[in-house]
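Working notes, beginning with the structure itself.
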Amino acid sequence: MDIEKKIELVSRKPTEEVLTVDNLKDLLEMGMPLQHYIGFEISGYIHLGTGLMAGAKIADFQKAGIKTRVFLADWHSWINDKLGGDLEVIQKVALGYFKEGMKQSIKVMGGDPEKVEFVLASEILERGDYWRTIIDISKNVTLARMMRSITIMGRQMGEAIDFAKLIYPAMQVADIFYQGVNIAHAGMDQRKAHVIAREVAEKLKYHPLVWDGKKVKPIAVHHHLLLGLQEPPKWPIEGEEEFKEIKAQMKMSKSKPYSAVFIHDTPEEIKQKLRKAFCPAGEVNYNPVLDWAEHIIFREEPTEFTIHRPAKFGGDVTYTTFEELKRDFAEGKLHPLDLKNAVAEYLVELLKPVREYFEKHPEPLELMKSVQITR
């Protein structure tokens with residue numbers, strides 16, 4: 001496969017940003033073996049924003065000949081008070097429910113889960129020289145910068161936090177260098193940590209990325225954060241700047257079940273959630289149902305997406321590009337309920353293998369349910 005095709009695979013939907021395409025091209029031209037990683041906190045049920053968005057990109061990286069790795073961030077989850085802050089519970093869920101759920105998500109998005117390396121963070125964090133890398137990074141970043149970076153944990157700047165949470169950004173940066181990762185992948189909300197990694201890359205003494213005797217910066221690939229299905233906290237949204245301000249509150253959230261579809265939801269749960277979704281007629285800028293259609297259904301174009309309607313409402317209609325769908329919705333030619341029903345049906349079919357897996361292997365999901373009940 002030529003270099004341009006590899007760059008196209010890395011850059012396509014749901015990717016929103018590559019830091020930088022030129023750097024990626026340089027690494028490919030140098031012939032440097034590429035190692036990807038994406039890290040996850042272990043916090044609750046896997047929703048589509050985690051499973052399908054990450055799974056789609058992992059599939060793309062594999063097609064581009066890049067080694068892929070999922071980093072199960074148990075210590076990071078402990079620091080960030082996930083699953084009651086109980087490290088043993090976090091580790092059980094990580095190696096049971098979460099690992100299996102991600103494998104199935106990768107599979108339905110066209111990737112090969114057997115070619116993904118799964119690493120539990122504590123396997124490397126408990127080595128002494130990992131912490132030397134943390135100190136090396138920390139000596140090259142100001143306290144103010146670390147304070148601003150706590151948003152990667154879903155925390156607000158100025159929020160009262162314990163001291164352990166200040167170590168978190170340096171740990172996330174260290175994870176990249178300590179594992180020899182040259183493609184750091186995450187959602188857009190993790191951008192600050194990756195920018196720090198790129199800024200300190202050429203200053204590090206311990207575990208820098210080196211190729212042909214030269215220190216190199218890791219590439220950062222950030223995928224789109226799916227909008228939650230709920231109505232935004234303010235409506236209407238007046239312009240792009242206001243949207244940026246409230247975007248964090250609009251993303252899918254495990255703590256708001258009706259904002260998210262989980263990978264093992266039943267067909268009826270999926271349909272019910274989509275029926276209740278915020279989807280104003282004619283609104284194409286801040287519309288979660290259209291957002292899901294764009295980044296899940298129309299990830300690859302052309303495709304065929306058929307919306308079934310009674311003849312009196314125009315009959316069935318098939319779209320091959322997102323722009324066609326968006327135009328008809330904007331012009332009122334497509335009713336919100338028809339769009340919701342069609343997206344729901346698509347997801348029901350897409351997620352069928354995941355549901356079937358958990359029906360045949362119920363133990364991981366039962367463990368997760370028991371943890372949720374006792375939290």
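One is the number of the first residue shown, and numbering goes on along the chain from there.
Cβ atoms are placed via backbone N, Cα and C, with glycine included.
Per Swiss-Prot, the features are:
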BINDING   Tyr37, Tyr168, Gln172, Asp175, Gln190  L-tyrosine binding site
MOTIF     251-255  motif ''KMSKS' region'
BINDING   Lys254  ATP binding site
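Feature annotations (Swiss-Prot) mapped to structure.
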residue: Tyr37; record: L-tyrosine binding site; CB count, 10 Å: 22
residue: Tyr168; record: L-tyrosine binding site; CB count, 10 Å: 22
residue: Gln172; record: L-tyrosine binding site; CB count, 10 Å: 25
residue: Asp175; record: L-tyrosine binding site; CB count, 10 Å: 26
residue: Gln190; record: L-tyrosine binding site; CB count, 10 Å: 23
residue: Lys254; record: ATP binding site; CB count, 10 Å: 17
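Rounded to a whole number, the distance between the Cα atoms of the residue listed as 'ATP binding site' and Gln172 (L-tyrosine binding site) is 22 Å. Comparing Lys254 (ATP binding site) with Asp175 (L-tyrosine binding site), their Cα atoms are 25 Å apart once rounded. Taking DSSP states H, G and I as helix and E and B as strand, the motif ''KMSKS' region' (251-255) has 0 helix, 1 strand, 4 coil.
In this entry, L-tyrosine is bound by Tyr37, Tyr168, Gln172, Asp175, Gln190, whose most widely separated C-alpha atoms sit 17 angstrom apart.
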